[in-house]
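Features of the protein shown, as given by TrEMBL:
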type	residues	note
REPEAT	82-115	repeat 'TPR'
REPEAT	149-182	repeat 'TPR'
REPEAT	183-216	repeat 'TPR'
REPEAT	254-287	repeat 'TPR'
REPEAT	321-354	repeat 'TPR'
REPEAT	355-388	repeat 'TPR'
Amino acid sequence: MQLKQANCIQDFNRALAINPKHFQVRPIAAPTGRSSLLQANGGCEKWRGPRDVQAALPAAPIGLEQRTAASGSCNRPNLQTRQAYLSRAAYYGSKGRYSKAIMNCNEAIKIHPDSVRAYLYRGTLKYHNKALKDYGILLLLESTKEIVLTVLINRALLYVELEDYSNALEDFKEASLCNPSNSEIYQAIGICYHRLEQLEEAVNSFTQVLKLDPFSLDAYVARGNSYMEYGNEAGNTLAQKDFLKALHLNPKYVKARICLGYNLQAFGKFQKAWNQFTVAIDIDPKCHIAYDGRAVVCLQMGDTFAAFQDTNAALKLTTNAQLLTNRGVINQFMGHLNCAMKDYQQAISINPGYALAYFNAANIYFHHRQFSQANSYYSKALQLDPRNESAVLNRAITNTLLQNIEEAKEDFEKAVCLCPFSAAVYFNRANLYRTLKQYELAEKDISTALMYKLRADVRGKMGFSEEAIADYKQAISIQEMIDAK
């Protein structure tokens, strides 16, 4: 008998009410809840859509509930009632009515406290810590290897949603022992390592994925992004090879195009990076990440108007804090400070945890000599991103201007710890010491700052041109600050 969707729930209710002797029902659909498959998204990972729990289970799992059913006919009515509750839970879950689905799972568990399927359904439907408890109970029950694997993966995904990557990693590792040939599990392990900033282990995991599946485009992109985070030229070169391999396998793979664009940008090859972002847009005109990447490159090449157009195009496709902040930066470059502030405030309203929006808004307040507001926004930015050395230095300067001497000293100490070779830090701290008439300390910091000029001369004579240019830039910035005084 085939039931129409509109009448399904009535049939389940009727089954539970009358409980006939030979009533038997299988779930028509599993509850949709926790996502389960991990994929790399151009360096940003995301979880694929909801997984069908019934599909994740074996057709006839051999567990405690089956042995109970086989032990005698006296338990059969309860078994049938439990199955009806689970069927109704499955229906509610498929319709997104998770609270009612959970209630039916609870009823099934009351009838059969060792029901593996009921706990798995409820764990899939519930959120975060309560679901973790259900999955923990499942692992304590005597279950099949397939169910254990499913539970480990689902629990790991919950840990990821809670940003508990250490525990997620452990569950994924355990899952890999249950199924060592599953490349997607190693992909998930690699992403957890990446989030934990254990880059070499991440690279090794993605390499294992490629051993199992040499044509995995996501693995090439993810490994390339891990190489990029090495932060050196050798890592960037290895990353470029991986991105090119992915494009060799599929020239229309947008994620690889975008990552290659950022890679070329890191090498300072802005026109080539622009070309890659443009190709990505041609392939997928609705890819807002490609528009955003091209906007940044346009800004670096000095084409402010093109950057503004690309950012607006991206914002037409999606609105998020990063894009609004980027448009705010472009508005600042064009001198439209009021428009920039509106963008930053809108970014903060969309995502109150986006540190860069607070930092840039603070800079505008500082520019308008609204030092109290600037200080407040720098503090919020540092609360969200404590290692932002620019925010630390700017707050130190702001505290100096507000005559918050002790706070300024603390911020300068933090700035020196974060960037011990920055001439700007020493120069501004010297200015603080000068106002406090602590001339010896001021002289020491000025000497440290001006040392960059002499070191630049020496490095230039030795042929270290890049290092010399960096020092000359520092010296020029110092001289400009001195002249401004």
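Even glycines carry a Cβ here, placed using N, Cα and C.
Just so you know, TrEMBL annotations are computer predictions that nobody has curated.
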Long-range Cβ neighbours of the repeat 'TPR' (321-354) (under 8 Å; 6 or more residues past either end): 288, 292, 295-296, 299, 304, 307-308, 311-312, 314-315, 360-361, 363-364, 367-368, 384
Counts of helix, strand and coil residues, the repeat 'TPR' (254-287), according to DSSP: 27 helix, 0 strand, 7 coil
Surrounding residues of the repeat 'TPR' (254-287) on its own chain - C-beta under 8 Å, 6+ positions past either end: 40-43, 217-218, 220-221, 224-225, 228, 236, 239-240, 243-244, 246-247, 293-294, 296-298, 300-301, 317
For the repeat 'TPR' (183-216), residues assigned helix / strand / coil by DSSP: 27 helix, 0 strand, 7 coil
Model confidence over the repeat 'TPR' (254-287) (mean pLDDT, whole number): 97
Number of helical, extended and coil residues in the repeat 'TPR' (355-388), per DSSP: 27 helix, 0 strand, 7 coil
